[in-house]
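Handing you a structure now.
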Amino acid sequence: MAGKKGKKRSETCNCFPLSDEENVTSDLMDTTLNQRRPAGWRAIPFVLGNETFERLASYGLMANFMVYLEREYHMNQVEAATILNGWSAASNFAPVIGAYVSDAFMGKFWTIVLGSFSSLLGMMIMTLTALLPPLRPPPCADEDLQQGQCIPYNGAQLGVLMVSLCWLSIGTGGIKPCSIPFSVDQFDLTTEEGRKGNNSFYNLYYTTQTIVLLITQTVVVYIQNDISWALGFGIPTLCMIFAIVLFFVGTRIYVYIKPKGSVVAGVAQVFVAAYKKRRFYIPVDGVDGQFYDPPLTTSLLCVRELHLTTQYRFLNKAALVIDDEVNPDGSCKNPWMLCTIQQVEDVKCLLNIIPIWVTSILGFLAMNQQGTFTVSQALKMDLQFGSTIKIPAGSVGVITLIAIAVWLPFYDRVLVPALEKITKLEGGITVLQRIGVGNLFSILTMLVSGFIETKRRNSALSHGGPDGVAPMSVMWLTPQLILIGFAEIFSIVGLIEFYNKQFPEHMRSIGNSLIYLTFSLASYASNWIISIVNDVTGRSGSSWLSGDINTSKLDKFYFLIAGISLLDFVVFMFCARRYHYRGSVRIN
């Protein structure tokens with residue numbers, strides 16, 4: 001056993017990615033444990049292609065799914081939004097389970113395989129609902145649909161639809177948390193070439209995601225609206241088949257890392273050991289050998305060895321050595337009675353992150369509304385762009401993508417360098433400041449959305465035609481769509497950076513999946529708020545979220561979300577000011 005003196009190293013966890021210079025001398029990946037040398041970029045097309053087509057399938061479905069449920073299943077907007085939010089929540093929670101299964105049992109490769117076939121099965125069933133008339137309600141004229149006189153869906157039809165969505169969620173849970181880590185496994189991070197390739201991979205990953213979103217919200221939505229729903233679902237299904245074949249083609253050059261067990265047990269051991277030793281006293285000045293601090297045996301842990309901190313000091317008892325708890329070879333006799341300093345400090349990292357993570361859930365409420373009610377708004381607006389182009393309602397989100405594509409390069413190349421000269425901080429601002437700016441954009445998005453909806457509804461009631469469409473261009477939605485793009489740039493990217501810097505390295509897969517869990521809980525919270533608002537306001541006979549958007553009070557609902565987001569921002573600021581972490585790098 002290698003004992004270390006329990007002394008304060010900092011007020012936070014220091015599990016940070018090392019610089020390139022530090023990486024040169026650090027053993028980040030023991031490639032000698034693998035049977036083949038990492039293939040680098042030769043393996044990436046097979047792995048990235050698999051997830052790209054999976055996203056094409058899931059995003060292609062989600063982009064226009066609200067319209068599909070309203071037109072083909074004759075649902076009102078509350079029913080459709082509830083199903084869409086529920087499916088989105090399940091799909092964003094599934095990666096957390098997938099990350100656990102991958103790390104503890106199956107490994108990343110087989111988890112991706114399971115997810116790929118699950119996605120394929122879900123897309124096949126969804127295509128059948130559009131292809132076979134018995135699997136959905138009979139067709140209904142637009143006038144009857146607006147008056148609610150269409151034949152509703154039955155239990156069997158809804159059941160088939162739910163089965164499809166369940167399989168799609170399982171597929172997402174297998175692919176999303178594993179594709180990036182599995183891709184990183186294919187680079188030899190002990191070499192400069194491997195590290196450069198790894199850094200370039202992230203740029204390629206986000207580029208492909210943007211391309212997929214643009215395709216799904218333009219080409220796929222056009223096919224679904226104007227040609228055929230069956231063809232619009234069938235094309236992503238064929239892409240998923242191609243993705244599976246492509247993924248298996250690369251099996252001969254992949255590097256496979258065996259699962260090393262779940263981190264859940266290690267976290268639980270710290271709390272159990274600390275509780276069992278709660279009556280023991282820890283002196284202020286420790287001595288060598290007092291705390292259990294064996295040499296790190298895996299490259300997946302933080303490269304820098306951690307010392308005990310004074311934060312959450314009661315947990316330090318878990319690493320306190322009592323009598324003969326250590327074997328002659330340096331291993332502990334009972335991991336539920338004695339934990340390493342590394343384990344204790346890892347748990348402290350998680351405890352520090354939890355308050356920030358909780359506040360980020362309600363911070364995502366504005367993004368949820370843009371994927372549901374914004375489409376409903378677009379359906380009741382003039383979709384004509386110019387004299388010949390008609391914009392599909394499900395494609396209005398392209399404006400957000402364009403805003404991200406334009407703003408992100410400007411932010412990285414122009415604004416960040418200017419801020420760095422002023423603040424002397426790498427990145428210009430701290431990560432938590434970036435997340436806070438994103439939260440402010442979310443609040444502003446809801447306020448602007450409410451004002452635009454007020455104008456749209458008044459226009460529809462005063463000058464609208466028999467179909468309820470307001471003589472108001474859909475481009476009026478541009479301000480709120482641009483603002484939500486800014487919110488995504490700051491909030492989502494900021495949270496990803498925050499989790500990667502603050503999570504221990506051997507928990508990075510859990511940290512990456514946490515962003516999907518945030519989306520999941522935000523979707524459930526959105527569903528809960530929608531249900532409460534619909535029930536409470538409906539008691540007076542005029543629900544804010546009635547089936548007819550022109551007689552509802554969607555603008556008041558937007559203002560309510562803005563108020564909730566504002567309160568959440570105040571709580572976030574309180575947590576952020578109390579958060580202790582290694583500050584941004586100073587620039588001389």
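Backbone N, Cα and C define each Cβ position, glycine as well.
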Can you check which of 84-103, 204-223 TrEMBL lists as transmembrane segment?
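Here TrEMBL associates transmembrane segment with the stretch 204-223.
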Can you say which of 151-170, 472-493, 514-537, 557-576 has the most Cβ pairs under 8 Å with the transmembrane segment (431-452)?
472-493
If we skip the immediate neighbours and take only residues 6+ beyond the ends of the transmembrane segment (151-170), which ones have a Cβ under 8 Å from one of its Cβ atoms?
57-58, 61, 73-75, 83, 87, 90-91, 94, 114-115, 118-119, 121-123, 125-126, 128-129, 135-138, 140
Against which stretches of its own chain does the transmembrane segment (472-493) lie, if we need a Cβ under 8 Å and a gap of at least six residues from its ends?
360, 363-364, 366-367, 370, 374, 377-378, 381-385, 391, 393, 396-397, 399-401, 403-404, 407-408, 411, 434-435, 437-439, 441-442, 444-445, 448-449, 452, 455-456, 459-460, 515
